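Copied from TrEMBL, the annotated features are:
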- A:93-282: domain 'ABC transmembrane type-1' (DOMAIN)
- A:25-47: transmembrane segment (TRANSMEM)
- A:98-119: transmembrane segment (TRANSMEM)
- A:139-166: transmembrane segment (TRANSMEM)
- A:214-239: transmembrane segment (TRANSMEM)
- A:259-281: transmembrane segment (TRANSMEM)
Amino acid sequence: MSTLDQDLKTAARWKPLALLARTPAAVTLAVGFMALMLCVMCFAQVIQPHAFDHVDLLNRMTPPQPLDGASWAHPLGTDTLGRDLLSRLLVAAQTSMLLSLLGTVLGAAMGIALGFLAAHKGGFRDEIIMALVDFQAAMPWFIVALAVLAFMGNSMVIFILIMGLYGWETYARITRGLVLSAREQGYAQAVRGLGATPAWIYTRHILPNIAGPLLVQLTINFPSTILFETSLSFLGLGIRPPMTSLGQMLGEGRDYLISAWWLAVIPGFTIFLTTLSMSILGDWLRARLDPSLET
Amino acid sequence: MTALLRATGLRKSYATGRAGLFRPSARFNAVDGVTLHIKPGETLGVVGESGCGKSTLSRLVLGLAQADAGEILFDGAPLPRADTDDWRRMRIRMQLVHQNAAGALDPRLPVRAQVEEALRIHKRAPERAARALSDVGLPPAMAARYPHEMSGGQLQRVVIARALALDPDLLVLDEPVSALDVSIQAQIVNLIRDLQAARGLAYLFVSHDVAVVRHVADRIAVMYLGRVVEEGPTAAFRTGALHPYTRALLDAVPVPDPGCRGGAVPRIGDPPNPAAPPPGCRFHPRCPFAVHRCRAEPPVLREFAARHHAACHRIEEIA
């Protein structure tokens with residue numbers, strides 16, 4: 001059997017183990033790291049060694065292992081108020097991941113829904129939605145977010161809404177194009193001929209068939225959403241104490257770069273690894289799912 | 001007997017090219033005044049070259065495209081507008097099978113699920129899918145396969161099974177075997193005939209292949225550039241076709257006999273551009289019998305024998 005046939009077979013029947021064996025090491029590492037982050041996201045409260053906001057002023061700025069003066073009670077050291085850095089890192093990663101995931105899902109849902117609507121209705125509704133897309137793409141969203149958070153105050157709901165509105169326009173544009181071309185495919189027309197309603201065709205045939213490119217866009221969008229969240233929190237406009245996020249930790253640690261560099265470097269490195277893993281994952285998925293890139 | 005489907009004066013034009021600011025876009029009539037009827041349990045074959053409007057006709061008959069003019073009565077009632085609830089319910093009674101079976105199936109679903117889907121859409125028991133698949137001669141083991149794991153003939157069987165699962169009264173077959181090997185063609189054509197004998201459904205069988213149509217049809221309509229030029233019982237086409245175009249089509253059918261090799265088949269050249277059909281009789285530039293009248297005056301369908309019609313000025317002279 002030819003390799004193409006085999007590829008089609010694996011595509012049709014998802015075989016995780018066979019897939020893993022042929023996966024590049026970088027991708028395996030990225031998947032592993034993202035799995036770790038997901039575990040942290042779900043269980044940070046359970047696995048944190050200390051309460052992340054427990055202040056211990058006698059143990060301030062302990063260095064992490066294996067530096068001199070480190071203790072195994074605080075493997076990553078403590079911060080300026082003597083709070084355990086490992087616990088803080090876990091909870092911060094949880095907050096950042098949750099917010100970014102929520103923001104990405106919100107943005108994707110909104111963009112995909114509007115993309116479908118634009119493609120289905122056509123006419124002036126299509127033009128309005130596409131004008132909104134251009135409008136959103138042209139807006140410096142970071143500045144808008146800063147202004148909104150500064151004026152409206154910092155509530156979690158507004159913060160999540162701003163995250164959700166970040167990047168929806170790419171989903172809308174991609175979805176609209178994919179739906180327009182998928183609708184003209186023989187199978188979509190054939191199901192229409194069977195008497196299916198547009199909603200039936202969209203949800204059961206077109207959405208599954210265009211899910212690949214959308215999934216890729218999701219993984220490409222996720223790192224920038226994390227960076228968006230951390231940037232806002234770094235500036236003190238996102239997550240605020242006593243809550244913590246990776247960006248907020250980074251912002252706090254910035255003042256002690258000379259005396260206690262690990263306060264900023266450890267959350268910074270975590271942000272870097274998370275976005276890098278997700279980007280590697282996205283690139284690999286794109287190459288896997290795009291037949292025109294197949295070698 | 002009353003007709004299951006009766007279409008009168010069907011006309012459908014398409015725009016070609018872009019409209020300018022002061023210039024409307026050019027239009028050509030893909031179907032230009034076609035009248036036909038199909039009785040329950042009967043097969044009407046439609047033959048013609050590429051671009052003669054056969055596929056447009058089959059889409060009009062199903063209501064998949066809206067005719068510009070003319071009337072379609074299905075079982076005595078006018079066809080509902082496309083994509084209304086009435087039109088969707090009507091799909092139970094009329095189904096389409098076309099040339100590209102591989103394209104008509106969703107690549108991500110096993111074929112059984114796709115046959116079941118037809119039943120689910122109309123809230124019928126999906127268990128009938130298994131019977132529909134066995135009716136078209138597919139072993140049960142194949143039902144779990146994906147479209148890319150099947151051959152062209154098997155895929156066409158799946159598409160036919162999907163159409164038949166709803167138990168329609170009319171099946172429109174638009175070039176159902178043109179994409180298949182000759183040996184597979186024969187299997188599918190025989191399957192189509194057997195299904196009709198077992199279920200008594202009516203076919204509109206559209207093809208460019210006179211030999212295939214002659215094999216399955218009870219009556220044949222020959223189309224040329226959007227118009228029917230000859231229509232009659234299949235037996236009449238065996239003994240004596242009337243229209244010069246039909247004769248040319250029939251002469252072009254290969255005869256499986258080496259003794260007949262090299263017989264003089266009239267070469268009539270390529271069809272004219274359908275966007276700018278010639279005046280008068282549309283066939284006159286290619287017709288060996290054309291006279292001045294053919295260039296000026298379009299002929300109408302006239303009855304020559306029992307239920308045998310043709311549109312040509314010179315049939316009496318050239319017969």
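In case you wondered, yes, glycine gets a Cβ from its N, Cα and C as well.
Heads up, TrEMBL stuff is auto-annotated, nobody curated it.
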Cβ-based contact of the transmembrane segment (A:259-281) with the transmembrane segment (A:25-47), 3 or more pairs under 8 Å: yes
Beyond the flanks of the transmembrane segment (A:139-166) by at least 6 residues, Cβ under 8 Å: 99-100, 102-103, 106-107, 110, 224-225, 228-229, 231-232, 235, 237-240
Other parts of the chain folded back onto the transmembrane segment (A:214-239), taken as Cβ under 8 Å at six or more residues beyond its ends: 95-97, 99-101, 103-104, 107-108, 112, 142, 145-146, 149-150, 154, 159, 163, 166-167, 170-171, 174-175, 178, 245-248, 250-251, 254, 271, 274-276, 278-279, 281-282, 285-286, 289-290
Outside the transmembrane segment (A:98-119), six or more residues from its ends: residues with CB under 8 Å to it: 41, 125-126, 129-130, 132-133, 159-161, 163-176, 178-180, 183, 202, 214, 217-218, 221-222, 225-226, 228-229, 239, 245
